[in-house]
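Listed in TrEMBL:
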- His58: active site (ACT_SITE)
- Asn131: active site (ACT_SITE)
- Tyr341: heme binding site (BINDING)
- 11-395: domain 'Catalase core' (DOMAIN)
- 1-31: region 'Disordered' (REGION)
Amino acid sequence: MASEKKCPFQTQQFGRPVDDNQHSQTAGPRGPVLMQDVHLVEKMAHFNRERIPERVVHAKGYGAYGTFTVTGDITQYCMADLFSKVGKQTETFARFSTVGGESGSADSARDPRGFALKFYTDQGVWDLVGNNTPIFFIRDPLKFSDFIRTQKREPQSHLKPHWRRWDFWGEVPESLHQVMFLYGDRGTPKSARFMNGYGSHTFSVYNADGKRHWVKFHLKTQQGIENFSDEEAVQIAGEAPDYSTRDLFDAIDIGDYPQWKMFIQVMPESDAAGYEWHPFDLTKVWPHDDYPLIEVGVFELNRNPSNYFQDVEQAAFEPGNLVEGIGISPDRMLQNRVLSYPDAHRYRLGVNYHQIPVNQPRCPYATYHRDGTMRVDGNGGGSVDYEPNTMDGPVETGRTKEPPMPVHGDGRRYDEFACDDKDYYGQPALFWNKVLDDPARDRLCTAISNSMADSPQRIRDKVLEHFRKIHPDFASGVERRLEAPADEPIPIA
Ligand code: NDP
Ligand code: HEM
């Protein structure tokens, strides 16, 4: 492995041929091993260091390479080079994941799915690091680590009792919308091929005249939505914990390349202040009637990674990887994410993580970063390593079309969201009334009551009170299931 020329025999890591890979050096045929056995020690020591920290969230995942092709002209909104022409193609990489489980956990767990896309554009890498849901549980990054702990293991027992999540959700009602998505049918997708993806946040896009619009990105599966039932998800977790990993790998392997259509919703900048839903609140969608989907292109996955660890485990996505034409918005979750991800990568992969091939830009790039652990890209050779300089080093372009982000107000901790009933319960009620039919409501109530079974009464009461404000049938549907014997069928309403 590793060297350019194929080696006809096994070697140690510095090239010495291995004469015997079956027997350690010992003192006599029946004696102890000798410390001088460099080959043995090298094998042992390398093996002891093979694991790197797993992602603190989204640890279990799978990925593939692909292509993005523009099918709709959005240059009036966005000057990003990758959208510049209908028919233009860009190389991509995608990683799909569950959130709360460890890297060996089951793919079918009821959990949001990560939907992380990397576009190797001619003008730098753009990462769209989304989920299979258009919303999230919280809208302030200060709550992120607390929320995630409720999805992880309990500190004393190392078990995962569900009451912890209901305890948190009961106290944080902006989470209800996403809770309904999670316990609805799309909380257990069969595999990445059968789910939608969403950038979730509101992003800024601007055109060549520097005019800004706010947008949301949507990726709609072309394979159709397919989910496991609650029972199937549990069964598959035992029988085939890597079900979705295999599903994507096998499909690509036989040339059945999955596709998603990319759409945007576009909001004129001037709409933001007066729109009935806070446009930078990650717990809200923009209803399609207000901001219809506009087709942008087709995202296809068509090449499996040649090595999982190299390409998938070492992939580093970051919402701050943006290209000219796309920017962030005042969404405070997004603003925190642009800082959090590179911080996590420096810890997990090291400061030079941008050199790992899956993360590298495919266009020329020239920074003044030097040195750091595992620098292996020539380190700039003898070129000048400071700027400004008179030595013909790379210089800034001086060009930007990005419109300034208007900010105002005194710095302090605000709860500036309305926090009235419409704010917490308005869109969950739309979801219950408009999107779900009775069988889907039934499955939602059953999945929630199964999960709430270990919750003490005070937590149940708090959560049911919230559900009542979404719809009385929702609360009673869950309550009656909680009180009923497990196998008794209970109709909605
Ligand atoms: P629409 O009737 O125009 O769209 C409903 C949306 O719900 C579609 O995007 C559909 O996805 C999606 N959907 C269907 N079943 C489920 C499910 N079990 N879990 C999650 N999503 C599902 O509705 P509006 O735009 O007027 O919004 C009404 C409500 O729909 C919102 O309050 C929100 O709860 C939900 N929703 C809205 C989305 C948006 O971006 N506007 C996106 C997803 C959900 P598909 O078309 O792929 O079947
Ligand atoms: C992974 C932080 C919200 C999607 C991660 C990782 C961190 C993190 C630290 C691990 C990165 C790594 O080690 O590679 C945060 C913080 C959030 C937040 C602080 C909120 C303040 C979100 C939201 C979404 C999301 C809202 C989706 C809309 C993802 C995905 C991954 C991930 C898809 C896995 C990326 C991959 O496949 O490598 N997040 N996250 N996160 N997050 Fe978030």
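Cβ coordinates come from backbone N, Cα and C, glycine included.
DSSP labels the residues of the region 'Disordered' (1-31) in these numbers: 0 helix, 3 strand, 28 coil. DSSP assigns His58 (active site) to coil in the three-state reduction, placing it in neither a helix nor a strand. In the structure as shown, the Cβ atom of Tyr341 (heme binding site) sits within 10 Å of 18 other Cβ atoms. Taking only the Cα positions, the spacing between Tyr341 (heme binding site) and His58 (active site) is 12 angstrom. Per-residue confidence over the domain 'Catalase core' (11-395) averages 98 (mean pLDDT, predicted model).
Around Asn131 (active site), the C-beta neighbours below 8 angstroms that are at least 6 residues distant in the chain are Pro112, Arg113, Gly114, Phe115, Gly197, Tyr198, Ser200. Classification of Asn131 (active site) by DSSP places it within a strand. According to DSSP, Tyr341 (heme binding site) is assigned to a helical segment.
The local packing around His58 (active site), expressed as other Cβ atoms within 10 Å of its Cβ over all shown chains, amounts to 23.
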